Ligand code: SAH
């Protein structure tokens, strides 16, 4: 018995067990968690390795009813740790009352939404290991000054150290996706709260990248920054040139003035 791959659920099943093991091996126990949630296990290629580890307890969530039937049969020992549902609608606050890691070969069509959801619960999630479309993975892990650097890169890098680990080619999936994949690891840093108004920080970042080819002086016009700021040198730059620290500085100035 096999799960029939469904395109609308982003199902591309990894066939290469060595790659699966390498992905699972990236979990470093950073932050001292003892639970791991796998998003989108599909037929369990990662799960096979996760369940052999004594350091943590593995939980699964998949939206696909057919996968769930398959997984419940394959892993009788996980019975009540297999959730059928949409990760985007899962309440991460009430799921566990302790920190947990997240792992998964994410459905690529919703990978950014998954990461935004994790970001909303960053204090509960000390580590994330995930496979995404390669370009997205590179963008998240890239430093400022890079064309790939974007909103989610800045917001995630404010709270996580992100490392690009390796590229995975199309041919090791059934069915093969149209794009290459990349595996990244996110480790929660020690920042509890940014040294600025975090809500305004988000607005500044989003607005800045909304017009990423404009200087920030122009891109941020809709935020009505105070006159006194208009000569600030950071405003001569474009959003993609600013580090997290630069965005924090800008946010503080906008708030003070
Ligand atoms: N981990 C498996 C499958 C990856 S394909 C492997 O590597 O082979 C992506 C998986 O995510 C599929 O099993 C799909 O059913 C599941 N999925 C898609 N959307 C989801 C959602 N919103 N919430 C949870 N799982 C989802």
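Placement of Cβ uses the backbone N, Cα and C atoms for every residue, glycine included.
Together with 12, 14, 40, 62, 105, TrEMBL lists one candidate of 86, 93, 97, 120 for binding S-adenosyl-L-methionine, that being 86.
The full span of the recorded S-adenosyl-L-methionine binding residues, 12, 14, 40, 62, 86, 105, taken as their largest Cα to Cα distance, is 21 Å.
In sequence order, 39, 40, 41, 42, 68, 71, 82, 83, 84 are the residues near residue 62 (S-adenosyl-L-methionine binding site), counting only same-chain partners six or more apart with C-beta under 8 A.
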